[in-house]
2 protein chains.
Amino acid sequence: MELWFTEEHTENVRFSIRVDRHIVSEQSDFQKIDVFETPEFGKMLIIDDFVMLTEKDEFIYHEMITHVPMAVNQNIKNILVIGAGDGGTVRELTRYNSVEKIEMVEIDKKVVDISMEYLPFTASRLNSEKVKLYFEDGLKFVKTKENEYDLIIVDSTDPIGPGVELFTKEFYENCFKALKEDGILVNQHESPYYKREQEAMQKAHKKIKEVFPIARVYQAHIPTYGSGHWLFGFASKKYDPVKDLNEEWWNSIKIDTRYYDTELHKGCFALPNYVKKLLSNA
Amino acid sequence: MELWFTEEHTENVRFSIRVDRHIVSEQSDFQKIDVFETPEFGKMLIIDDFVMLTEKDEFIYHEMITHVPMAVNQNIKNILVIGAGDGGTVRELTRYNSVEKIEMVEIDKKVVDISMEYLPFTASRLNSEKVKLYFEDGLKFVKTKENEYDLIIVDSTDPIGPGVELFTKEFYENCFKALKEDGILVNQHESPYYKREQEAMQKAHKKIKEVFPIARVYQAHIPTYGSGHWLFGFASKKYDPVKDLNEEWWNSIKIDTRYYDTELHKGCFALPNYVKKLLSNA
């Protein structure tokens, strides 16, 4: 028997992965959650038929969504993480001794439960004493906060299903309010290549730059996401992600990384012309 | 009826593209050549079942294999291009008034004939008066040359079939000899992600750095190649690709590009740690 998982990148493009074992399949109140064991990528977390992470390359996504903002401000102590139920983002953040508190708000407890059980490589630090988990609606949670966080990371699914509200202008405005005067917002910013993600990227950027004085976008090579060309947003009240990179400090704390370093930090903000054009026309 | 073309990225990973029309399929003396019309990517050139180019994103590959070396030395006048039968590399090079002569050596005339007939968007400049085409073995051709070229571009298929010899140390040594004392060699350098291309990348880099005093690698996002993370080699006798970037000159000649610019030029040499490690262990 051959078992294959197929993600439709578009209605005309399919990415198929051979599966050794379908480990779990659950329908939560919010979405369908599957875990596969695969020969190429190890374990994979799939939500609503889209690849969320693979054991082989989750390090790329999780390093890029965390170390880029962390290397800009060495005084980041209080962090809010929205989404990120698999735990990979928190795992990276707990590597900083300087971080004091991480509040993580995930709407779907089932994602955390499944990750704790089947994906220990990402979920391993979710029970760190610095971490406080809330199983709530991210938009409602952030609405109640003011001048509280040094960094907010929005590690969301695509703007389909429960992720939709994390792409609204109201949400970005609430993040702005919840951040301190030198706060940074980093978000999963979709992809420039296929139409669906391209439109989501443009809409998100348009809204974020209406709210934050500094709104930049950076890129990474993530082979198991559609097109492999994935973006993150860096929005901030004060810090420029490249000019204010604290290279010396970040290299002095010796965090061992497999994708990120401070040279790549500077390089990843140099976007292709066609992406810059899409963003400026957003 | 549904028609799909599938490329096997590995035996466990498949990339499938919906096809509107199978325009041509020919077996040459060297390889199987197909052209498809597709709704997502426009026309596609396939050789031995691997995607060589698509109308949608060939600009990324062709801009990156040409403008990176061209922006380093404004006195590049004589160029040798090996492979590149589709014409995209030559198209980009003919945009420079400063270029005097382009010799292109493609072993398989059928690739050029098919490209001229079905892929005018890449083949359009193959009959420029600056271009001289040779349908010969690239290794043999370059062996006869000495101190002749400012730039050699190796725009080859993977090291399978006729592309194999363009990945040998003998070939790189002959390129070194054929280049002038400030010559640059740029090559299609495979990909770091899946095992087959990862090994080809390591082998190529090991050989090139044994031959050239300067041997760097740079990256681009090419969604229709396996993993979407593709590499190019920049080897040279004298110029460092970043320190010697002639930014002011390149921006003054106003070549309109959709992927490349001089900021991205500097950024694309900042490789992920795992790629640097693979290259230094090569």
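These residue numbers are counts, starting from 1, taken along the chain as shown.
Cβ coordinates are placed from backbone N, Cα and C, and glycine is handled just like the others.
Sequence annotations record features per position, and here TrEMBL assigns active site, proton acceptor to B:Asp155. The S-methyl-5'-thioadenosine binding site annotation in TrEMBL covers B:Gln31, B:Glu106, B:Asp137, B:Gly138, B:Pro162. Residues or ranges marked as spermidine binding site by TrEMBL: B:His62, B:Asp86, B:Asp155, B:Ser156, B:Thr157, B:Asp158. Under the heading domain 'PABS', TrEMBL lists B:2-237.
Positions of TrEMBL features highlighted on the structure.
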residue	record	Cβ within 10 Å
B:Gln31	S-methyl-5'-thioadenosine binding site	20
B:His62	spermidine binding site	24
B:Glu106	S-methyl-5'-thioadenosine binding site	24
B:Asp137	S-methyl-5'-thioadenosine binding site	15
B:Gly138	S-methyl-5'-thioadenosine binding site	26
B:Asp155	active site, proton acceptor	25
B:Ser156	spermidine binding site	22
B:Thr157	spermidine binding site	22
B:Asp158	spermidine binding site	20
B:Pro162	S-methyl-5'-thioadenosine binding site	21
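When the recorded positions B:Gln31, B:Gly138, B:Asp155 are screened for a C-alpha within 10 angstroms of the C-alpha of B:His62 (spermidine binding site), the residues that qualify, in sequence order, are B:Asp155. A separation of roughly 10 Å, to the nearest angstrom, links the Cα atoms of the residue listed as 'active site, proton acceptor' and B:Glu106 (S-methyl-5'-thioadenosine binding site). The Cβ of B:Asp86 (spermidine binding site) lies under 8 Å from the Cβ of B:Leu45, B:Met52, B:Leu53, B:Glu58, B:Val111, B:Ser115, B:Leu119, B:Thr122, B:Ala123, each of which sits 6+ residues away along the same chain. When every Cα pair among B:Gln31, B:Glu106, B:Asp137, B:Gly138, B:Pro162 is compared, the largest distance found for this S-methyl-5'-thioadenosine site is 16 Å.
B:Ser156 (spermidine binding site) is 10 Å away from B:Gly138 (S-methyl-5'-thioadenosine binding site) when you measure Cα to Cα.
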